[in-house]
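If you check TrEMBL, you get these features:
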type	residues	note
DOMAIN	1-364	domain 'Nucleolar protein 10-like N-terminal'
DOMAIN	369-417	domain 'Nucleolar protein 10-like second'
DOMAIN	482-508	domain 'NUC153'
REGION	528-558	region 'Disordered'
COMPBIAS	528-538	compositional bias 'Acidic residues'
COMPBIAS	634-643	compositional bias 'Polar residues'
REGION	634-688	region 'Disordered'
COMPBIAS	648-663	compositional bias 'Basic and acidic residues'
COMPBIAS	664-688	compositional bias 'Basic residues'
Amino acid sequence: MQVSSLNEVKIYSLSAGRSLPEWLSDRKKRALQKKDVDVRRRIELIQDFEMPTVSTKIKVSRDGQYIMAVGTYKPRVRCYDTYQLSQKFERCLDSEVVTFEILSDDYSKIVFLECGRFVEFHSQHGHYYKTRIPKFGRDFSYHYPSCDLYFVGASSEVYRLNLEQGRFLNSLQTDASESNVCDINPVHFLFAMGTAEGKVECWDPRTRNRVGLLDCALSSVTADTEIDSLPSISALKFDGALNMAVGTSTGQVLLYDLRSSNPLIVKDHHYGLPIKSIQFQRQLDLIISADSRIIKMWNKDTGKIFTSMEPEYDINDVCLYPNSGMLMTANEAPKMNIYYIPVLGPAPKWCSFLDNLTEELEENPESTVYDDYKFVTRKDLENLGLAHLIGSSLLRAYMHGFFMDIRLYHKAKMMANPFAYEEYRREKIRQKIEETRAQRVQLKKLPKVNKELALKLIEEEGEEQQVTRKRKQKNLPSLLKDDRFKVMFENPDFQVDEQSEEFRLLNPLVSKISEKRKRKLKILEELEAQEQEEEEEPEGKASDAESSESSDDEKGWVEEVRKQRKLLRQEEKVKRQERFKEDQQTLLKPQFFEIKEGEEFRSFKDSAKKQKLMKKTLGDRLKLEEKLGTLNVSDTTVGSKQATFKLKKSEQQRKQQEAEKQHRQERKALRRSASHLKSKRGRGRRFH
């Protein structure tokens with residue numbers, strides 16, 4: 001089973017792998033399965049789910065029990081029973097099947113439209129009746145209320161065959177030269193047909209009159225599309241009462257609302273191939289459209305791609321199993337593909353084991369490994385001395401590394417490390433010795449990281465076991481045996497720092513308790529050293545050298561806390577003295593600042609004053625402005641307050657104003673002196 005992923009949507013191909021020939025005996029099949037890994041790992045969901053050469057159409061009965069497929073060569077139909085996971089029957093036909101329809105809930109009533117203008121009816125026992133239509137047919141639909149079959153093909157007429165009366169009725173005359181596909185709405189039974197001119201004609205079966213016409217060829221041509229010929233209609237499908245999807249021969253899918261002549265959205269496959277099939281997935285509002293090369297799933301509201309699949313062989317038809325995430329395709333190959341997409345829905349009830357299988361695969365993902373190639377990173381190439389091969393044909397770039405031939409990798413590794421086999425041999429011998437040692441009576445082995453914490457947990461565990469034995473309770477799980485806390489005793493990053501300030505203040509009595517544990521650690525280390533030297537099983541355990549000391553009272557605890565705080569203050573004082581010495585030793589270099597043209601340097605105090613002023617609140621700043629006279633706050637007649645600000649003047653403006661003021665004063669003094677002289681002269685003349 002192959003797993004692919006696009007846009008984080010996992011697709012499981014259930015038909016991947018080699019298929020065994022039918023003429024092989026059971027004994028040879030079993031022998032081949034033992035030898036070949038691909039044959040052993042394949043999943044055969046439905047037995048013999050294939051055609052001799054090519055499969056053209058595939059459908060599921062309305063009850064979901066039977067899957068029917070047609071193909072060649074010779075032309076035949078095969079029916080598969082999903083409850084038995086095997087083929088139910090096979091019937092050969094006289095000519096190739098263009099399309100077929102299952103009229104009943106099971107396989108008891110089937111209609112085949114064949115290449116030679118034949119329409120063949122099959123019942124439960126087999127062939128029932130055969131008739132012909134005037135022109136070659138390309139598609140047909142069944143109208144359930146009237147029991148009419150509507151045939152479209154290489155003619156402007158739509159032929160009607162009534163199955164209740166057993167005769168042809170008057171045909172519908174259309175404006176098209178030829179018709180390719182047709183469909184009947186399952187809600188209001190509107191009949192729609194797609195023409196070779198790129199139009200869709202809608203007919204009312206009750207009045208046999210045309211009620212609508214859509215020009216899809218014109219709507220499918222957008223600014224981004226490039227077409228070589230006139231788009232004709234190649235696929236047609238209704239969804240509910242109002243939605244209809246139309247596929248063109250140039251690779252566009254148009255989604256219509258029947259109340260509008262303009263498409264809601266136009267989706268281009270960008271391959272220029274005719275659309276073969278259109279399906280609707282209502283749970284996720286998706287449209288599944290397929291041409292002969294790719295199957296695309298996209299949102300019908302936004303047109304955003306959900307996921308896509310590109311099978312190995314060309315696609316002829318696509319069938320979505322109802323209310324599930326299973327998808328089946330008819331291909332230009334003997335084997336019919338089955339895909340399972342868990343996001344679309346659950347597995348069908350007849351293969352519910354697929355859900356469990358896919359869940360296990362998601363829990364234990366496996367990376368892709370190629371047998372003949374080795375994935376190496378750039379660092380691995382440098383270690384092997386092959387960094388000069390980057391860019392050559394011997395290395396193929398992939399993600400964050402390269403793929404290289406496994407034979408070249410082994411040769412380079414042997415040359416880079418010729419003693420690798422000896423190291424491997426020593427490692428194997430060491431592992432064997434470890435396995436034999438594990439069978440002996442083990443002493444208490446403490447981890448490399450947080451030994452004192454592990455010893456504390458072991459002591460607490462022993463005390464809890466004694467209490468639970470007396471009270472007859474269940475033992476709680478140990479932290480040392482819990483995988484969630486395993487890294488705490490393996491990774492040095494989790495080592496408890498006993499010299500930190502927080503640890504010493506929170507654990508004031510840790511010094512005395514740690515002394516007891518350190519004695520135990522020394523005893524255990526000595527025992528381990530003796531075991532390694534003697535390599536013999538010890539006859540008994542060493543007795544603990546722990547003296548029975550009573551716990552300190554409250555007074556001792558307070559004294560220990562004071563002692564720890566005093567030590568911390570002394571350490572902080574020593575650090576401050578060291579920093580002061582370093583500051584004295586460092587020489588301060590003068591710093592120069594550039595002043596822009598037109599500005600004057602005053603002092604550094606102005607910036608400090610500005611920073612202090614910015615830290616104050618708005619109320620404090622307003623009070624300061626009032627004192628300086630730059631702000632005037634007054635009450636208005638309405639009851640509100642009015643604030644008037646005066647802009648601060650720059651030094652240059654202030655100097656200019658002072659100069660003007662001085663000039664005005666000088667001129668005033670001159671005028672006064674001149675007037676005084678004139679008055680004196682006048683008095684002198686009168687005197688004379």
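The backbone N, Cα and C atoms fix where each Cβ goes, glycine too.
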Legend entry - Model confidence over the domain 'NUC153' (482-508), averaged pLDDT: 76
Inset, instruction - By DSSP assignment, list the helix, strand and coil residue numbers for the domain 'Nucleolar protein 10-like second' (369-417), in that order. - result: 21 helix, 14 strand, 14 coil
Inset, instruction - Mind tallying the domain 'NUC153' (482-508) by DSSP state, helix then strand then coil? - result: 16 helix, 0 strand, 11 coil
